[in-house]
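Read the structure below first, then the notes.
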């Protein structure tokens with residue numbers, strides 16, 4: 001009986017994968033980092049600034065609890081799997 005209980009505990013821990021948190025790419029370093037508890041979405045924001053014709057769009061990557069609201073002249077996309085917001 002003890003063996004069965006121990007087996008169930010081990011299987012539960014493996015299935016839950018305790019300690020594994022949700023991660024997204026974040027700027028400014030564009031590296032994968034764990035998100036805060038409750039932040040289960042990754043987002044990508046992009047927009048043109050005064051230097052857009054020289055260096056391209058400004059990119060912001062990060063985690064969010066909800067998808068950031070739409071903003072004029074900003075492209076915003078959200079996704080819900082680990083590291084799904086790769087640099088465009």
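Using N, Cα and C of the backbone, Cβ positions are placed for all residues, glycine too.
Annotation comment: Swiss-Prot describes 24-42, 35-63, 48-52, 67-78, 79-84 as disulfide bond. Residues or ranges marked as signal peptide by Swiss-Prot on the basis of similarity to another entry: 1-21.
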Taking the Cβ of residue 63 (disulfide bond) as the centre, count every other Cβ atom within 10 Å, in any protein chain shown. 20
Taking the Cα of residue 63 (disulfide bond) as the centre, which of the disulfide-bonded residues listed as 48, 52, 78 lie within 10 Å of it? 78
Give me the Cα-Cα distance between residue 79 (disulfide bond) and residue 35 (disulfide bond), rounded to a whole Å. 13
Using a 10 Å cut-off between Cα atoms, which of these disulfide-bonded residues sit near residue 67 (disulfide bond): 24, 42, 84? 42
Could you check which of the disulfide-bonded residues 48, 52, 84 is the closest Cα neighbour of residue 35 (disulfide bond)? 84
Students should find that the Cα atoms of residue 42 (disulfide bond) and residue 78 (disulfide bond) sit apart, in Å rounded to an integer, by 6
Residue 48 (disulfide bond) to residue 24 (disulfide bond): how many Å between their Cα atoms? 23
Specify the secondary structure state of residue 63 (disulfide bond) as given by DSSP, simplified to three classes. strand
Between the C-alpha atoms of residue 78 (disulfide bond) and residue 52 (disulfide bond), the distance in angstrom, to the nearest integer, is 23
Sort out the sequence-distant neighbours of residue 52 (disulfide bond) for me: same chain, 6+ apart, CB within less than 8 Å of its CB, listed by position. 58
